[in-house]
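S.K.: Handing you this structure, nothing more for now.
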Amino acid sequence: MSLLEVKSLQKIYTTRFGGNQVQALSNVSFSVENGEYLAIMGESGSGKTTLLNILASLDKPTGGEVFLDGNNIVKIKDSEISAFRRDNLGFVFQDFNLLDTFSIQDNIFLPLVLSQKPYEEMNKRLKPLSKKLGIDEILAKYPYEISGGQKQRTAVARALITNPKLILADEPTGALDSKAAMNLLKIFSEINEAGQTILMVTHSIAAASHAKRVLFIKDGEIYNQIYRGSMNNDEMYQKISMTLTVLATGGVKGE
Amino acid sequence: MNKIFYPKLALTNLKKNADTYVPYILTCIGSIIAFYTMISFYGNKGLDEMPGSINLKTILFLGTIVIGIFSTIFLFYTNSFLIKRRKKELGLYSILGMEKKHIARVLFYETVVVTIVSLTLGLLGGILIGKLLYLLLLKLLHFTTPIQFYIDGRGLLITAGIFLAIFFLTLLTNFLQVKMANPINLLKGGEQGEKEPKSSWIVTLFGIISLGIGYGIALTVKSPIEAILLFFVAVIFVIIGTYALFTSGSIALLKVLKKNKSFYYQSRNFISVSGMIYRMKQNAVGLANICILSTMVLVTISTTVSLYVGQENMMRDQYHFDMLFVGENTGNDEALVDESIQKTAEQTGVNPIDQINLRLGNLTAFLEGDHFMPDLVAKEDKDTNYYTTKTDVWLIPLEDYNKMSDTATALNENEVMIFSVGDNYNQKTMTFGDRSFSVKENLQTFPLNNKKTELVGKTCYIIVKDEGVIADIQNNLYPDNTSKSLLFGKFFNLEGNDETKLAFSENVFQQVEGINPDIDKASYYVSLTEWYSIFGGFLFLGVFLGTLFMMATVLIIYFKQISEGYEDRDRFEIMQKVGMDKAEVKKTIGKQILMVFFLPLAGATIHVAFAFRVMAKMLAAFRLTDTGLILICTIVVTLIYALIYALVYWWTAKAYYKLVK
């Protein structure tokens, strides 16, 4: 069974006074296997953020179902959704979303504290993780004292510390310089090698070229997908940019 | 089009920022009303006709100055808050291509609008509310003569002038802010990186010590005079302590909590503690301000209410008889006074009753052991110390004493009886120069006075065998002094209605003044009227300033809530994304806000509890010694204040939740 199964997902936004209806997702179905590294690409307005919000259980779809490890997350009660999100999903956002009232260490601990884990265990999990992500030196600092790359690695640590089934990343390299971005992508590849499933939404070809599979969304539908197979990053890069060009110039679906 | 563009933009800006500008304009209007009301009372000629008007006018004048200073500080405070909030908006204008001079022009027009609205409404409100308050003041003063209330043109001009100056200065500081900042700074003005607040143990310790000294002084004050002198010293220590503890102590405490890992890493404490550290850092000064303002409100209103409520009783303590006259026992002064009392009594229908007439000798001396030492202090050296240590001695012949207290005690040449106000005279003997007496009896009651402790110095009544002994004592103590005459004293109560009693007193006073201005005279009713004007004035000013401070407190709380709201909105979102549910977030944040805003009230209540002793002592200086009454007044005032505070909190918390949602 797949780790994540998305079945004919549909999302229609209605403007506040009921006038216009905007279809953000018309019919999206795909699945993610355990240990996969999937990138979802698409232009602004293609519906990829809506998709991610639904997967993150931050938003409810108008139609369709999402199964995570066999549980339908669309049907989870509001009162349990936060705990579900905390225990099963890890998030990495474009703008880091670190709390400036907490030190780096406390930011990473946040989801564990919310799950009422004892301090010893939190500390035990943090040690190897922070070392791996290269942030073990700055644990006592505060978000405004560190660089963007460090902030994003902190966010990754926060996402990983709960041992989530799935990491959801929304434009994780969007606010980083190229060096920091490459560094982060390398980390993503490494944790994926170690068995972590990752789903990343991105604009960046460089970011997507690290994934094992790339899904393209256009106008709320899956347009195409590319499997890495035996391609290296550069070849993957070429393939993705070609697909995007076709996408932009209005190619036929399924090509 | 250019001409209308800027005023129009300014108007739009004000409308868009109504959330913060409406309270600001209300503050301005309130301050103007308060200032004009005070200054128009001060300039009101009608009040001059009132007995004791000089005291009242002094109080009003001080009030005007306090309000002026307070308004200035407070308007600057709110203005700086507003401009900080709007930096982003101004930065945007700058990026959209407005030059600094254009932004300045917009700010100028905004200030013009605010000024016009505030001054018009403020002065109109001042005239209307001033009239209402004027009637209230007259009622408090027990002053019934209807006096024309008029619009004080000079007051209007002064008020307008002062507030124009204040607005002009705020505009200048805004210009300066815009001039110094570049667009990027302006854009980011609202969200500059916040440093982890530093807590200094030294400052905390300093605060604790300061507060300790303040409280210590408050708790150990012994005499009313000391209370008045040391009160301000204590206040300064407490203020320093409050600021130090709010800014540094609170953070130090939270950091200790944070160090305790098993406490800190609990979901319930984790967010609260670190959130509180940041809140305290940003709000510490504001909260300390609220705490001190609240304390001021509570102390001022409690004391003035106590004074006002207790004044008739305290006047009674001071005036054992309704009227008294004491004059030289030479010529026919006494006969003339008697005659005038008789005549006036017939005219006004007021009867003098319980009358006591007696001879008496008076001297001042310093009591050392059982020795009364002569008072040789030169007039210009008579300082507070002199007045607190001297003893007023009244010498009364036995015959007169027996008559007034209806007794038949006998004394020989070398025996005396003594009635000492306050503490008992504890010696067996007493000596004046070479002359010694043995004390036959320590009287516990005395027709002419009560036993309650004097505010300043000591008073004792010594009963001796006869007038010859009085002369002897005076000669022994002051051999060189030539004027050692015997005095006559007249003490009596009045029977009639209160108004005619006052008329009688004033009438007789006037006649006695004509007979011999050196005759000492006192009347409970004349003094009561004077004291009403003083305590009524105090109460009025107390409540007036109290209300003003409260208004300031309300606004500080409101602005704080708003600014908290803007900042918490982002935090709120992040926490939800990371896996905290809405209800939980709301609960945590609600708890923090509650703690932050009730901290000053708690602080103020503690301050007042410690200040109570000093307050009671100070009121004793006004001869208000009824501690129970003061306690009740203080508790009632505190409760009412807490209620209003809670209402304000509730109202501003609503504004806050509207923002974070």
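Glycine is treated like the rest: Cβ placed from N, Cα and C.
Note that this is a predicted model, so its numbers are computed, not measured.
Look at TrEMBL and you will find B:64-179 tagged as domain 'ABC3 transporter permease C-terminal'. The feature transmembrane segment is assigned by TrEMBL to B:21-39, B:59-78, B:107-136, B:156-178, B:199-221, B:227-254, B:284-309, B:531-559, B:593-616, B:628-651.
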S.K.: Pop the mean pLDDT for the domain 'ABC3 transporter permease C-terminal' (B:64-179) in here, whole number is fine.
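M.R.: Result for the domain 'ABC3 transporter permease C-terminal' (B:64-179): average pLDDT 84.
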S.K.: Would the transmembrane segment (B:21-39) count as touching the transmembrane segment (B:531-559), i.e. at least 3 C-beta pairs under 8 angstroms with sequence separation of 6+?
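M.R.: Between the transmembrane segment (B:21-39) and the transmembrane segment (B:531-559), which are separate recorded stretches, there is contact, as judged by 3 or more close Cβ pairs.
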S.K.: Per the definition of 3+ C-beta pairs under 8 A with sequence separation of 6 or more, do the transmembrane segment (B:156-178) and the transmembrane segment (B:628-651) touch?
M.R.: no
S.K.: Summarise the domain 'ABC3 transporter permease C-terminal' (B:64-179) as counts of helix, strand and coil residues per DSSP.
M.R.: 99 helix, 0 strand, 17 coil
S.K.: Six or more residues beyond either end and a Cβ under 8 Å away: which residues meet both conditions relative to the transmembrane segment (B:199-221)?
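M.R.: Those are 227, 230, 233-238, 240-245, 247-249, 251-252, 255, 610-611, 613-614, 617, in sequence order.
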S.K.: Determine which residues of the chain contact the transmembrane segment (B:107-136) at the Cβ level, with the cut-off under 8 Å and only residues 6 or more beyond its ends counted.
M.R.: 6-7, 9-11, 13-14, 21, 24-25, 28-33, 35-37, 40-41, 44, 149, 151, 156, 159-160, 163-164, 167, 170-171, 174-175, 178, 540, 544
S.K.: What residues elsewhere in the chain lie close to the transmembrane segment (B:227-254), defined as a C-beta under 8 angstroms and at least 6 residues from its ends?
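M.R.: For the transmembrane segment (B:227-254), the list is 197-201, 203-204, 206-215, 217-218, 221, 273, 276-277, 280-281, 284-285, 287-288, 291-292, 295, 599, 603, 607, 610-611, 614, 617-618, 620-621.
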